[in-house]
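Swiss-Prot has this to say about the protein:
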- His50: active site (ACT_SITE)
- His96: active site, proton acceptor (ACT_SITE)
- Tyr53, Lys92, Asp494, Gly531: ATP binding site (BINDING)
- Glu94, Asn532: Mg(2+) 1 binding site (BINDING)
- Ser95, His96, Asn97, His98, Arg117, Gln241, Glu313, Ser314, Gln315, Ser534: substrate binding site (BINDING)
- Asp118, Asp269: Mg(2+) 2 binding site (BINDING)
Amino acid sequence: MTISNTAKITPELVASHGLKPDEYERILKLIGREPSLTELGIFSAMWNEHCSYKSSRIHLKGLPTKAPWVLQGPGENAGVIDIGDNQAVVFKMESHNHPSFIEPYQGATTGVGGILRDVFTMGARPIACLNALSFGAPEHPKTRRLVSGVVAGVGGYGNSFGVPTVGGQVRFHTRYDGNILVNAMAVGLADADKIFLAAASGVGMPIVYLGSKTGRDGMGGATMASAEFDADSEEKRPTVQVGDPFAEKLLLEACLEIMANDCVIAIQDMGAAGLTCSAVEMGAKGDLGVDLDLDKVPTRETGMTAYEMMLSESQERMLMVLKPEKEALAEQIFKKWGLDFAIVGYTTPTKRFVVKHGGEVKADLPIKELGDEAPLYDRPHVPSPKLPVIHAREINAPLSVPDALEKLIGTPELCSRRWVWEQYDHVILGNTVQRPGGDAAVVRIEDGPKGLALTVDVTPRYCEADPVEGGKQAVAEAYRNVTAVGGKLLAITDNLNFGNPERPEIMGQLVGCLKGISEACIALDSPIVSGNVSLYNETNGRGILPTPSIGGVGLLDDFTKSATLAFKAADEAILLIGDTHGWLGQSVYLRDVCGREEGAPPPVDLAAEKRNGDVVRGMIHAGTATAVHDISDGGLLIALAEMAIAGGIGATLDPAPDSTVPHAWWFGEDQARYVVTVKQDDLLGVMTKLKTVGVPCTQIGITGGATLSIAGERAIEVTALETAHEAWLPAYMAAKN
């Protein structure tokens, strides 16, 4: 067929749309003619990394995604797990990295808004948000502004929308100087028998546009998110979307109401690539065609072209396939909430994606090839070289153990994140049981007794040093954090942030991390049910640390029995659970005290993780554990200091065993470990049981007093540790560049 073309399709125009020459040749063969500008834009949106996962799909297929409690795995807007009593948890994590670097406030707000829509599109009411934020070195001139804007954006949207932000991560490293990471996670609650999906069904069904009007904001956002940055990237502000949390709140209530009234056949939020991606995905998943009439699309700007409307990423919009007999009711509901409602098309049996505007056909394309049959690459990849193991006795301690503790507790890596999370409303809705600052957030489900344990974890320096072990450790850390509050990890969502996949060494990092993640998910019985891939996180050829963020969701049968990390009382025994070898490779101590960022990261024994976690969870459920904290960044002594600070109670600690190197004993980052306190009356019984089941356990001290003191070393006031722990971030943010 003939479609009028107002723009000459040149190699430069093709390249500016993020399409490689061979991909353009594939388009020519597929449609048998030169595409129109609108069609080129549609292919650009659907075939970029952000929407098609063309570089990662072949490897993602190897991830474990099934379990008896998984109701919906990857491929929909979000994952869904069954938690009993006809209740389901709907959750996903997604990145908004590139927009947040260009315009930090709006980039972060729309990242939160987008992930919330993914959750309530499935029929769930959002109950919590988390995030993982990675910034450049503190001394970099842009870092302070980016931190300020992103944190304000995350808080501004979540607080206004009315969902608590209950946990997350914040890190600083020079490798994020040119590419910050903003990974947002949302969790919702739905009826297990009322989950809504994106696949259209039925021919001639009306396709309805819902929500806010379409403007020119966000043009080409998905394509920008699939490319490297260069020196001019900050000029791309027009491609950053603008969010309105109050409009999204109205959209949430309207969507849940039409769902409750059985109006919906299929529903899809308009996220990346806007109207294009939502319409194509609904049709392709249902083996149907879609006809759109753009003259019916509500717009807030005059003179918008078909190209602009199809690629706009204006926020707070949905596309729905409606039951025809419910049209009047659905329209009434949306008008009640003050939102646009317009029938913009119909499903067809043709498997074609047809777009009309001004009485002319602007696009006529095969819908399956746009969607789930987009290009698939098996890119060359090479494994990361193994780094040498650093033996503890090879590392001389430049500081005494107390001096090292005082230094580390206030570093950017280990200091308190209170300045960040106090800007988030973490108690709105009234269901937050454990606030930020612990191992995992705990949110009760309605009136209980069940609760959810929620966490986000990854250690990027481990992933770069050994992608396989780093991938395993990210999942194991999520498992430990959920366990430490008394939860059982049920499933995870991942957000895979990497550099340029066209470089074999970067592709090797992705493949290695996925291998480790897969092994850990299988061993810890926690399938992946949703996720996101963000590639090309590079600026001028310099990539980020590989950062596969893991969002974990666990279940507590009784939220009132959850554990916290704070010391509860004096004269309680302090137990170290798990093997300690003093692993210093890639540790915070080695980097920030010794000035060496090197060596192999700690190996992850998944069998030990499972065994130790089961025992600790059992202690929490039995009521014998009075405080629990997993040991991670900074090692054993940092964990103990955090417990002392949280409880306002000191501890007297035994010296490191004679067979160990003291600084490695206290600051090594061996995995599968916890600190647990128990009452003296329970000590013998606990130690006997742990020995019986083969779990390493050592009493290392006793709680009490106002200082943290190691036999033979200088004691440190807990209040001094708290001051050092809390000081750095507020002081940094208050300073001037």
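Don't overthink the numbers, they just go from 1 along the chain as shown.
Cβ coordinates come from backbone N, Cα and C, glycine included.
Worth saying up front: this structure is predicted, and the values here are computed from it rather than measured.
Put simply, Asp118 (Mg(2+) 2 binding site) is 17 Å from Asn97 (substrate binding site) when counted between their Cα atoms. Proximity to Glu94 (Mg(2+) 1 binding site), defined by a C-alpha to C-alpha distance within 10 angstroms, is shown by the following binding-site residues from Tyr53, Arg117, Glu313, Gln315, Asp494: Asp494.
A straight line from the CA of Asn532 (Mg(2+) 1 binding site) to the CA of Arg117 (substrate binding site) spans 15 Å. His96 (active site, proton acceptor) sits 14 Å from Arg117 (substrate binding site), taking the CA atoms of both as reference points.
The most densely surrounded of the binding-site residues Ser95, Asn97, Gln315, Asn532, judged by C-beta neighbours within 10 angstroms, is Gln315. Under DSSP, Arg117 (substrate binding site) is assigned to a helix (H, G or I) in the three-state scheme. Of all the binding-site residues listed here (Arg117, Asp118, Gln315), Asp118 has the Cα closest to the Cα of Lys92 (ATP binding site). Candidate recorded positions: His50, Ser95, Gln315. Nearest to Asp269 (Mg(2+) 2 binding site) by Cα distance: Gln315.
Distance from the CA of Asp118 (Mg(2+) 2 binding site) to the CA of Tyr53 (ATP binding site) is 18 Å. The Cα atom of Gln315 (substrate binding site) lies nearest to that of His50, taking the recorded positions His50, Asp494, Gly531 as the candidates. If you measure from the Cα atom of His50 (active site) to that of Asp494 (ATP binding site), you get 15 Å. Residue pair Glu313 (substrate binding site) / Asp118 (Mg(2+) 2 binding site) shows a Cα separation of 15 Å. Cα separation, Gly531 (ATP binding site) to Ser95 (substrate binding site), rounded: 10 Å. Cβ neighbour density within 10 Å is lowest for His50 among the recorded positions His50, Lys92, His96. The distance from the Cα of Ser95 (substrate binding site) to the Cα of Asp494 (ATP binding site) comes to 10 Å. Largest Cα to Cα distance within the recorded ATP binders Tyr53, Lys92, Asp494, Gly531: about 16 Å as a whole number. Glu313 (substrate binding site) is surrounded by 31 other CB atoms, counting those within 10 A of its CB over all protein chains shown.
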